[in-house]
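Remarks on the structure that follows.
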């Protein structure tokens, strides 16, 4: 599973990356967590407000923080 955290380094973007890594560790999921900071690449993924979250090529969140519960469901 490829999980991409999209953001330029803002506080919420960093918080999302930390939360994603926490959920992946708790669930024991085999996943690669990648931080994407390039605005052109973020836009090519279809996200125009950060933070954003893409799991295996599917945009799951944009412009806000998903809940830990939602993240856990998405990575299961």
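Using the three backbone atoms N, Cα and C, a Cβ is placed for every residue, glycine included.
The active site, nucleophile annotation in TrEMBL covers 10, 13. Among the features that TrEMBL reports, disulfide bond is placed at 10-13. What TrEMBL lists as domain 'Thioredoxin-like fold' is 1-75.
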Set of same-chain residues at least 6 away whose C-beta sits under 8 angstroms from residue 13 (active site, nucleophile): 5, 6, 7, 50, 51
Averaged pLDDT, computed only over the residues in the domain 'Thioredoxin-like fold' (1-75): 96
C-beta crowding around residue 10 (active site, nucleophile), within 10 angstroms: 11
Local backbone state of residue 10 (active site, nucleophile), from DSSP in three classes: coil
